[in-house]
Amino acid sequence: MDLLIYGVNGHMGSLIKNLAEKDSYWRVIGGVDSEMSDDPMNNRYDVVVDFSHPSALQDVLQLCKEKKIPLVIGTTGFSKEQLEDIKFASAKIPILQSTNMSLGMNLLFRLVEQTAAVLKDKSDIEVIESHHNRKKDAPSGSARTIVESIEKGLGEEKKHQHGRVGECPREKGEIGIHAIRGGNIVGYHEANFINDLETIKIVHEAHNRSVFAQGALDAAKFIMDQEPGLYTMKDLLNLMV
């Protein structure tokens, strides 16, 4: 199959390219970034993987819609309007979008949702994420997805408390969200469900960024067989169970 990578010279794009080159499943591997292009409009690709920048979204969607190419989106930091654009495009092409391509991390999303559904309001919930000192956004997209998964399990949205300073007693029902930045931490996320008798701690730690690249290639293989619609890594997990 022929693969096109948007953001091919970025950290994730280059990892995906290197892994794909070692997998005989991929026959042609093309790349697009801000400095070079394989002229995707003049070539036919079987799937596109996007790890570029939110500013490139319209170009990516236009290409995939015109050429009817399935799309995997790993880019984060989209505006609400851009998320709506993705949803609209998924009516014409299959799109898999995920804030984290690690299968293990997506298992964590499922586990925190199930835990929240059982415990309801019986625990204080705190989410902690740690990343390298070059990461620009906080909290991470994965931390946001953890909170969304928790709220889905609870059946309602909660107040989000981003860090604490000074006198700020914990409000009942709020979800604390905390970000740590330092060194070369690849990615660490934990969800804590705490009450007076016990703490349930659900943790995922990525040891190497290749785990995200492999997940992206797994997602690419999955999305090529799907009908138009908006998918997540949870759909891929369901297929594996």
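Including glycine, each Cβ sits where the backbone N, Cα and C put it.
Listed features, source Swiss-Prot:
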- Gly7, Val8, Asn9, Gly10, His11, Met12, Gly74, Thr75, Thr76, Ser98, Thr99, Asn100, Met101: NAD(+) binding site (BINDING)
- His131: active site, proton donor/acceptor (ACT_SITE)
- His132, Gly141, Ser142: (S)-2,3,4,5-tetrahydrodipicolinate binding site (BINDING)
- Lys135: active site, proton donor (ACT_SITE)
Whole-number Å value for how far Ser142 ((S)-2,3,4,5-tetrahydrodipicolinate binding site) lies from Asn9 (NAD(+) binding site) (Cα to Cα): 23
Largest CA-to-CA spread of NAD(+) binders Gly7, Val8, Asn9, Gly10, His11, Met12, Gly74, Thr75, Thr76, Ser98, Thr99, Asn100, Met101, angstrom: 20
Of the recorded positions listed as His132, Lys135, Ser142, the one whose CA lies nearest the CA of Met101 (NAD(+) binding site): Ser142
Cβ-based isolation winner (fewest other Cβ atoms within 10 Å) among the binding-site residues Asn9, Thr99: Asn9
Distance from Gly141 ((S)-2,3,4,5-tetrahydrodipicolinate binding site) back to Thr99 (NAD(+) binding site), taken between C-alpha atoms, in Å: 5
Binding-site residues compared (Thr76, Ser142) - the one with the fewest other Cβ atoms within 10 Å: Thr76
Sparsest-packed of the listed binding-site residues (Gly74, Gly141) - C-beta count within 10 angstroms: Gly141
